[in-house]
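Below you'll find the structure, written out as structure tokens, and then a few comments.
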């Protein structure tokens, strides 16, 4: 459909969170601190799991990929959001909106599949420990990681190309803080039923299918743990999964509440809050969860910093 007698939209305006200047500055400081903690925490995980010999295992290989993914995921939205909080006009070009939407879908879908690969890793480690090193070899881990990253390509290309090809001939105000699918779709000036059906199918596939794999893995894991005769063994086995379970619950819980709830039950304000939780808060919490609940990571952090300090002393 061509925009007859109307100009096609060339830019979008975000409504963001508030029009109060003082509140905008306060939110800017808050989100800047959160973003700084997110970057430092995830880069710390990447560094420590990359250099510490004790963490050269499949579990920490996937954790390193998760941290890299979180950095990329937040990079898509948070810097632009911070700039907008200090700007009078919170605008983004049509092409910029499509680009942001593409990478949001890409990294979001990739994270869903990466979390399911991490669940499979824990399943093999607990349910088949004697063959763990054989099954989870370097080649398989590499292909699982590559597959997780690339799984976001089909859905992001389909969703974004289809969305941006729709006619945007009227209003250009997006009641959100980034170019997410549902808020932008409201501005389309034709019937979007077909696109919405496709979007729902894609959401179910790329959110619920990996989540189903996680459920199957953990149902087997829990069954195996409950059969262990030793209480110490059960506690140790569960402790290796607890951090991943918390991360999965945070990510899938907020994403499901955002995209799988009926439209009538969602206000723009609640949608923004839910989006904040999985785009800004969860990426900050993930390295904290894995650091505080994992003695191996805490020990590796101490060894890494000790090594760096000793190297500097040797130089002096």
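Here the Cβ of each residue, glycine as well, is placed from N, Cα and C on the backbone.
Since we're looking at a predicted model, the values are computed, not measured.
Taken straight from TrEMBL:
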- 25-49: transmembrane segment (TRANSMEM)
- 41-290: domain 'G-protein coupled receptors family 1 profile' (DOMAIN)
- 61-82: transmembrane segment (TRANSMEM)
- 102-120: transmembrane segment (TRANSMEM)
- 140-162: transmembrane segment (TRANSMEM)
- 197-216: transmembrane segment (TRANSMEM)
- 237-255: transmembrane segment (TRANSMEM)
- 275-293: transmembrane segment (TRANSMEM)
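As a quick check, the transmembrane segment (197-216) and the transmembrane segment (25-49) miss the bar of 3 or more Cβ pairs under 8 A, pairs 6 or more apart, so the two do not touch. Highlighted: of the candidate stretches 102-120, 140-162, 237-255, 275-293, 275-293 has the greatest count of Cβ pairs under 8 Å to the transmembrane segment (25-49). Segment contact is absent for the transmembrane segment (140-162) and the transmembrane segment (237-255), given fewer than three CB pairs below 8 angstroms at sequence separation of 6 or more.
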